[in-house]
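**Student:** Okay, handing you the structure first.
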Amino acid sequence: MDLYGVLKPLFRFMTPEQAHHLSIRVLKSGLVPDLSGGPDDPVLATRVWGLDFPNPVGLAAGFDKHCEVADALFRFGFGFVEAGTVTPRPQPGNPLPRLFRLDEDEAVINRFGFNSEGLAPFVFRLGQRRASGKHGIVGANVGKNKESEDALEDYGAGVSATCRLADYLVCNISSPNTPGLRALQARAEMETLLAHVISVRNASMPDPAARTPLLVKVAPDLDDAALADVAEASLATGVDGIIMGNTTLSRPASLQSKFKDETGGLSGKPLLALSTERLGALYRLVGGRLPIIGVGGIASGADAYAKVRAGASLVQIYSALVFHGPGLVTRIKTDLAARLKADGFASIADAVGVDVR
């Protein structure tokens with residue numbers, strides 16, 4: 001039995017948040033075996049933003065909130081890891097309980113509210129990693145403090161502190177658990193924010209060829225008009241990419257769990273159809289001019305392939321790990337490679353957006 005097989009029964013006797021804390025402790029212990037399956041199939045390699053990804057399957061933000069275990073997570077076979085969301089100043093987030101497993105639905109509801117240790121320890125760990133020459137692409141996902149009255153200042157602080165240490169940056173303006181945050185997705189507000197953080201990044205990194213790519217993370221709940229605003233704001237400001245999407249406030253009628261009506265954002269299997277449809281719509285709007293990371297409901301190679309065909313240059317998973325364990329990463333990669341080859345694609349890039357062009 002593997003380590004996950006040993007721990008899984010223990011997780012069921014813990015609250016979801018306790019199980020998460022135990023997972024972090026195990027990853028920090030150095031006891032995690034290499035589950036990567038060896039070198040990735042060359043068909044999975046892809047180059048985006050000048051970064052060479054060994055495979056397109058990444059870990060979404062929210063697991064390694066404080067940038068504690070990025071290197072251990074690469075032992076699962078991820079092509080990249082996104083740490084955060086980190087806020088400028090420490091904050092506890094929302095009261096417990098704030099994380100719920102919907103086992104019958106293979107879904108999760110969370111209302112964490114950007115619990116964060118703040119930028120100082122996050123940046124220290126990123127800096128340690130950079131100084132040690134560790135390999136592996138690590139992104140930094142930044143947000144705003146709940147009580148902050150100046151979103152521009154908070155996001156600017158996050159970008160300024162992390163841009164020279166992370167491989168890519170993400171401004172998270174789509175969490176449903178910070179009051180008023182999603183209002184930043186409106187066109188005027190989004191253009192103002194993105195113009196500001198891009199200027200902060202550029203001032204910190206004067207050489208255009210060496211600038212860390214900056215992405216924006218948006219919600220799957222955006223209607224067509226709002227999605228068009230996101231596309232136009234992104235193209236107008238020159239942001240480098242978009243993540244579609246975050247958790248959803250919607251509740252599909254199919255949900256069975258007793259936790260289905262808990263307040264917070266829903267992730268996992270029930271989000272797959274919505275997030276993939278919105279991904280395709282966004283890809284059409286940006287016309288392939290901006291790379292998109294597809295997130296939401298991925299639990300198989302088929303799901304990942306659907307995201308790629310809908311317009312994702314890269315994909316991320318998180319909730320599915322709760323139900324299927326870390327071995328899922330290698331299974332997704334193996335199946336994705338087989339599907340690409342079966343359809344005659346020589347690379348991930350060749351398949352991006354083929355269903356929506």
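Backbone N, Cα and C atoms are what each Cβ position is placed from, and that goes for glycine too.
Values in this document were obtained by computation on a predicted structure and should not be read as measured data.
In case it's useful when we look at the structure, here is the feature table from Swiss-Prot:
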type     : residues                                                                                                 : note
BINDING  : Ala61, Gly62, Phe63, Asp64, Lys65, Thr85, Asn141, Asn172, Lys217, Gly245, Gly268, Gly297, Tyr318, Ser319 : FMN binding site
BINDING  : Lys65, Asn110, Arg111, Phe112, Gly113, Phe114, Asn172, Asn177, Asn246, Thr247                            : substrate binding site
ACT_SITE : Ser175                                                                                                   : active site, nucleophile
**Student:** Measuring C-alpha to C-alpha, could you say which of the binding-site residues Phe63, Lys65, Asn141, Lys217, Gly268, Tyr318 are within 10 Å of Asn172 (substrate binding site)?
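**Tutor:** Checking Cα-Cα distances against Asn172 (substrate binding site), the binding-site residues within 10 Å turn out to be Asn141, Lys217.
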**Student:** So which binding-site residues are near the residue listed as 'active site, nucleophile', with CA atoms within 10 Å, out of Phe63, Gly113, Asn246?
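**Tutor:** The binding-site residues passing the 10 Å Cα test are Gly113, Asn246.
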**Student:** Residues with Cβ closer than 8 Å to the Cβ of Lys65 (FMN binding site), same chain and 6+ apart in sequence?
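**Tutor:** Lys65 (FMN binding site) has long-range Cβ partners Ala83, Gly84, Thr85, Val86, Asn115, Ser116, Glu117.
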**Student:** In the three-state scheme derived from DSSP, which category covers Lys217 (FMN binding site)?
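**Tutor:** Lys217 (FMN binding site) sits in a strand per DSSP.
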**Student:** With an 8 Å cut-off on Cβ distance to the Lys65, Asn110, Arg111, Phe112, Gly113, Phe114, Asn172, Asn177, Asn246, Thr247 Cβ center, who else from the chain surrounds the substrate site?
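**Tutor:** The surrounding set, listed in chain order, is Gly62, Thr85, Gly93, Ser175, Pro176, Thr178, Gly264, Gly265.
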**Student:** Return one of helix, strand or coil for Lys65 (FMN binding site), based on DSSP.
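**Tutor:** Assignment for Lys65 (FMN binding site) reads coil.
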**Student:** For the binding-site residues Arg111, Lys217, which one has the sparsest Cβ surroundings, going by other Cβ atoms within 10 Å?
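**Tutor:** Checked Arg111, Lys217; of these binding-site residues, fewest Cβ neighbours within 10 Å: Arg111.
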**Student:** Can you count the other CB atoms that lie within 10 A of the CB of Tyr318 (FMN binding site)?
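**Tutor:** Taking every protein chain into account, the count is 20.
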**Student:** Taking each of Phe63, Asn141, Lys217, Tyr318 in turn, which of these binding-site residues have a Cα lying within 10 angstroms of the Cα of Asn246 (substrate binding site)?
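**Tutor:** The binding-site residues close to Asn246 (substrate binding site) (Cα within 10 Å), listed in sequence order, are Lys217.
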